[in-house]
Amino acid sequence: MHPFRLSRAASSLSPLFHFDSSIHHRAERAVRQQNLDPNHRAIPMPILDTRARPTLCTTTTPWWPRRQSLTDDGKMVGDFHRRYILVTDTFFLLSLGNQLSSLDGVPVAVKDNFCTTRISSSCGSAILKDFTSPYDATVVHLLRKARAVVMGKTNLDEFGMGSANIYSTFGPVYNPHDLGKGQGLGSPSERRVAGGSSGGSAAAVASGMCFAALGSDTGGSVRLPASYCGIVGFKPSYGRCSRWGLIAYANSLDTVGLLARTVRDAEIVYDIISEHDDRDPTSMPIDIRKHVDAITPGFESITGDLEDLTGLRIGIPQEYFVSELAPAIVQLWRDGIAHLRDRGATIVPVSMPNTRHALSAYYVLASAEASSNLARFDGLRYGHRSDKGSFKNDTLPYADTRTEGFGPEVRRRIILGTYVLTAGSYKNYFLQAQKVRRLVQEDFDHVFLFPNPVHHHPLPTDTSSGVHVLLTPAAISTAPKLQDCFPSADETSNAKNPVDAYVGDVMTVPASLAGIPAIVVPFGASPLDGYPIGLQLMAQYGDERTLLRVAATLERR
């Protein structure tokens, strides 16, 4: 196969990627412009394994080191050139020494709920089948501006609603670690989920397909897949990164997130996309950013040693010791506490009593916002339109269009959201959930050392007991089996209640309700099944610097 032509077989693997059809044309044009022999100037990229349908790639070798595997005369080491297929003009400029940014020529993937030109944006839903946006989301534009290579779009739970990436019109995403255990091509009953809703992005990064991937985090949709797939998942503070061009699920909760192999990789991408955007009314203004940075100066060790955490206070929320936690998770949590204590950190038990109500409040609020946001998808201007009914009478194909276009989980949450917004339920559910959300935010403000910089009347903090960060598990278990996540085919049956899956978000939802930054770092594997386990760090609103600093230390176990 010609090394500069994108494999046609690869482009058919829709469960994970929708490829930019212009990439191979740009690559061939670059070859002609540079007058280079394509057989001697191939910049390496992992080949797409057509057997690994939802994960696409069996290699787990990071892309970045392989990019340098050229001999002095420009030839590939050994026969590796036959394993690489994607080359663009950006790669050629990079190979000639013209690097314009830290992401110049670096392949990144984008979750399929971000608007992109030339590549369809389906949100994993049949109702947006073949929809292509006329503009790029702001964060995608910033990546392109930094000359990162947007490889394609990744699979997700439909409209971001799910925790296992099984609710997608393209099918589920399998955990890349299945391949290492010989289960990738075996019985479906043994396959594990990649987590959701950003499962495609997590699988792409974990399998070595790309340097990093964009995801969206509404209640843990970046952090949960990161834990299941053994990578880093970073959710910045609400408002740090523009949501313009992110197809909304729940506006007050949706946050642009990142998935990468290391904390440093995530930080590199974060520095590129964390800019103010006038088009997003929730984007943090420049003056507020300066104010936030002044109040949250970040942690610096006394000795200057990056491994030294002397003076850092780490809180351990007692309410996170829930009964559903697997013993292996609890043990690794204790190991993480010991690791940070050995680096000089002070461990402080803290109480956050309203955490136990966070999950219920989240699903009320998120569903209410979803029922409003998804009302715009009616098939009139774009997307799927049912062939049933007629526009000449009062029935219209509106109901048929939405029934055919939305999957069962989306329909379930729309109905729930519509119910809690009715006149008879608004005060009993929606307003009560808003009050709980405020109590959860106050719990965080009480335990952190620094006050929340965006609250007009910050709560008093106890500097003698306040903490810089919180350490918790990211999930209650390792990645569950695929068959255990699917609800019964009969939606009236109670054999497997889909609502039972919501408990998987119990560790990640509180940070989303509070809008604070959180990051998941891989910290080992279960001795029972060998699948990864991640630990979660949370910091005060706007204090990403301290969060990333401690996460990097936790990562260097």
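In case you wondered, yes, glycine gets a Cβ from its N, Cα and C as well.
Caution: TrEMBL annotation is automatic and unverified by curators.
Listed features, source TrEMBL:
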type	residues	note
DOMAIN	97-548	domain 'Amidase'
ACT_SITE	Lys111	active site, charge relay system
ACT_SITE	Ser197	active site, charge relay system
ACT_SITE	Ser221	active site, acyl-ester intermediate
Lys111 (active site, charge relay system) CB neighbourhood, other CB atoms within 10 A: 32
Expressed to the nearest Å, what is the distance separating Ser221 (active site, acyl-ester intermediate) and Lys111 (active site, charge relay system) at their Cα atoms? 11
List every residue in the same chain as Ser197 (active site, charge relay system), at least 6 positions away in sequence, whose Cβ is under 8 Å from its Cβ. Leu156, Asp157, Gly160, Met161, Gly162, Ser163, Asn165, Ser216, Thr218, Ser221, Pro225
Among all the protein chains here, how many other CB atoms are within 10 A of the CB of Ser221 (active site, acyl-ester intermediate)? 37
What mean pLDDT score does the domain 'Amidase' (97-548) have in the model? 91
